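Trainee: Okay, here's the structure, questions in a sec.
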Amino acid sequence: MADAFDPSDTRPDELAAVARQKLLVVLGQLQTYIFQVELLKRCDPQVARHQIGKLKLNALQVRAVSRHFMEGMSSQAATLITPLTLALELSLEYARREGEKLLEALNDLGERSSPVAYFEGTMGLARGCPHHQAVKLATYGGEIDKELCFLHDVENFLKQMNYCHLITPASAAAEALVSVKAFLARTVGSELIVPPEISDPSHPCHVCFEELCVTANQGATASRRLAGKICDHVTQQARVRLDADEMRRNLPHVVGLSEARRARALHALEVSSKMTEANSGGPAEAPGPAAAQEREASALLDAHHVFKSAPPGLYAVSELRFWLSSGDRTSGSTVDAFADNLSALAERERRYETGAVAVELAAFGRRGEHFDRTFGDRVASLDMVDALFVGGQSAAPDDQIEALVRACYNHHLSAPVLRQLAGSEHGDAEALRSALEGLHAAEDPPGDGNAEKEARRAPSLGGGPEDDWAALAARAAADVGARRRLYADRLTKRSLASLGRCVREQRGELEKMLRVSTYGEVLPTVFAAVCNGFAARTRFCELTARAGTVIDNRGNPDTFDTHRFMRASLMRHRVDPALLPGITHQFFELVNGPLFDHATHGFAQPPNTALYFSVENVGLLPHLKEELARFMMGKADSDWAISEFQKFYHFDGTSGITPTQRIA
């Protein structure tokens, strides 16, 4: 028999590791349950009714888990919370609220109830936008009222609290953090897909700023570089791959279907696929001049063999033919592998929906009234931009992005000159054409077809002045044409480079907006750091208030004389210059907020680095930065000792954040 697990025989770090593993297991089960709840909220309500028994059992289990963990997490929140415990608490609250709301909607559902009313209740379509949270923060300089609507609003507010932590009471900060936590419970608590209406990737976070601080700036300021930064930390992109044969591959493994129904569903899917493929043919593209040049080059090369001497031009043609054949001609552009345009994506979505309906009718005998079908008319009435945000079942977000890029290129490359230079093998094709012309010119005798060219090249010996002027005009026209062609090529290449650079820049924004985004770890980490900082201050105040002996000598008449004596004694002694760096670091450690802790990293940085990040992330105005820099400079004489008697840290008579921060 193995010995039972005894926590007293285990080291604290091992206990912490075991606790983290258990919390991660519970969090994973919660996320699975939340995912199933989100599916039931969107599927046919008559189908979801068959799962009401399992849903009730899971809802009771969520309540039991919440009752088991909440007491310990509440006591831990007063000391130290971690992003993991915060994520578990938010997920528990979200799972309990959404699961019970779904259960209530299913209980109210009748046999002939409208799916519209069910979806309006489960998806919250009948109520207003839930992503509006009022937050009030009371500081020593006044009250601040804000509204949280986006995820970056939460991060900005927490950074502002971190900067103003010196002028914010711990009790007021705790009240504000309760409102912030309620917003996080409705958003980050799901741990699933981020709604596009609450995410704005054009607002960089503090991690984006730190990344820019360790990369080359190329002479640009941090604010200018932040203006073009696309944040991928508050929300993170997820690459979604959709397989066209996914339904055919998974049908044989569906549980609860008889063999006859499964075979009938597979046959219906096969027939539907054949019908859609028969209607998706298109005319072949006519060959261009490049194909004719390749055929001519192939004919010349095939006519040559090892027993014939190869002219110099033929070797050049062979080399260019090698480069053209070794290139990736099938993927002239990446977008050819995806849908040609948005209409093709819509056609693909229609074919997928046709196959899905055929399978449902063959397997279940009815067409499911899912959320996207019930509100299909509303989705169809959306404009192109909103339809891109909604997405589809058969087209991945990357397909939409490639279709948009292809449409952009097709629009800008409609000019013949740009279209001629758009191919990656254009230079080789032009060189092949020139080599073929030179080869033909070398093979032709001087007296045949080249008589005209030689007559133009040779100087006019016996002709009249009219012939000289005609030859001069012809040479001038040829020179103008060559210059114009070279200028057009140069301008076209520059335009193509500008177009490619613009597409690359805009592609990053398209990917962040259209790709599936999940919640990152920035918001839980920032919330935990700020909350722990104010919780430490609260514990310090409580320990001070519970001191065994409190001597209150404020009414003693000798207190003022003692104060003057101590002040005079301190002013007579100069601080040793060798102690100034340590005192400066101690000052920064006291002034810094709880969010930035670069001084505690493995590769520790000076404490003033954290103050720099704190100031820059809140967008402090330049003149306030200059005031802060002057304050940090050493003060001469006794200016540092000027303060009112027995009022070391007070803000009487001050109002406003900036004056209060200046006094602090």
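A Cβ is built for glycine as well, from the same backbone N, Cα and C atoms used for every other residue.
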Trainee: Scan 2-30, 176-204, 205-233, 408-436 against Swiss-Prot and say which stretch is down as zinc finger.
Mentor: 205-233
Trainee: In terms of Cβ proximity under 8 Å, which residues at least six beyond the ends of the zinc finger (205-233) contact it?
Mentor: 152, 155, 159, 505, 508-509, 512, 520, 522, 526, 595-596, 613, 616-617
Trainee: Quick one: mean pLDDT on the zinc finger (205-233)?
Mentor: 84
